[in-house]
Amino acid sequence: MKGKIVLLGTSSAMPTKDRNNSGIYLQYKGEGFLFDCGEGTQRQIMRAGLSVYKTDYIFISHLHTDHTLGLPGLIETLDMHDKPAVEIHSVKGIKSILDCVLNGVIYAPDIEIKINEYIPEKEPFTTIDDRDFVVRAVGLNHVVDCIGFSFEEKPKVKYIKEKIKELNLSSTDFVRLKSEGFVYKDGKKIKKEDISVVQGGFKFTYIPDTYRTESIIKLARGSDILVIESTYLNEEDKAKEYGHLTLEYILEIYPKLECKKIVLTHFSRRYKDTSLFEKRIRAEGINNIVTGRDFMEFVF
Ligand SMILES: [Zn+2]
Ligand SMILES: [Zn+2]
């Protein structure tokens with residue numbers, strides 16, 4: 001197991017008895033990535049058996065309170081645990097909110113808060129380009145500036161020792177093959193793919209609050225796991241007015257998404273449970289769209 005994704009909150013607007021406000025935790029090679037931080041998120045992290053302290057990167061999709069209210073408290077906890085730094089990626093305005101709250105409650109943290117604010121763009125853009133992974137974002141179509149995020153592991157070429165031995169490649173042959181992609185050995189062409197396998201390349205996408213937009217497909221296509229808001233079942237008028245998606249629209253774009261698994265979240269309180277969503281998905285004969293629940297986990 002390289003990592004896991006845990007849903008911390010799957011309700012829209014207000015929390016309910018069973019569903020917290022938005023939050024998703026991605027654990028990858030010992031680092032923690034938090035996507036949105038609604039009220040109560042830090043307790044959800046603890047209840048999920050994850051480490052609050054290890055939250056290294058925080059991505060806030062937009063400034064609505066159901067996605068942000070947990071942030072000052074979480075930062076205070078990280079600071080009290082003497083975490084040296086945390087990195088926040090969000091839309092313009094997150095810095096002034098934090099300044100305002102932390103100054104307002106007269107709390108001056110020592111933790112270094114590295115803030116990156118973005119103007120949403122219609123084409124996916126890179127927010128973090130690490131040795132092992134890349135995080136991209138794209139502007140969505142909500143009632144305020146809002147961005148979705150995707151985390152993608154960089155594929156790695158792994159050479160198979162047994163194959164190298166079997167083909168009797170010398171270190172000179174191997175260096176040449178690595179740089180040129182092939183080498184001739186005893187008159188036979190040996191290609192890089194003959195002695196290696198490509199590993200990794202896992203992709204996770206989070207599409208938070210938005211009305212219909214092509215940007216969803218641009219960012220999410222080909223994801224292993226896509227967590228996407230589905231505030232409404234089919235109430236198109238409400239979806240348009242409040243800038244949200246319906247399950248009906250997700251079913252419409254489903255063939256273009258080409259995702260291995262799609263997890264619905266951000267359900268409106270108008271539904272007492274998600275059975276109507278499940279019934280509609282079943283009617284389409286689709287078995288890789290599921291309704292999200294708090295603490296649902298996906299290991300990869
Ligand atoms: Zn929301
Ligand atoms: Zn919103």
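Any Cβ shown, glycine's included, is placed from N, Cα and C.
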Request  = Please state which member of D18, D129, D130, D209 TrEMBL lists alongside D66, H67, H266 for binding Zn(2+) 2.
outcome  = D209
Residue from H89, H142 that TrEMBL also lists as binding Zn(2+) 1 with H62, H64, D209 = H142
Query = Between H64 (Zn(2+) 1 binding site) and H266 (Zn(2+) 2 binding site), what is the CA-CA distance rounded to a whole number of Å?
reply = 13
Ask   = Do you know which of the binding-site residues H64, D209, H266 end up with C-beta under 6 Å from ligand 2?
value = H64, D209
Remark   = H266 (Zn(2+) 2 binding site) sits from D66 (active site, proton acceptor) (Cα to Cα, rounded, in Å) at a distance of 10
Key: recorded positions compared (D66, D209) - the one with the fewest other Cβ atoms within 10 Å   = D66
Inquiry  = As a check: which entries in H64, H142, D209, the binding-site residues, place their Cβ less than 6 Å from an atom of ligand 1?
reply    = H64, D209
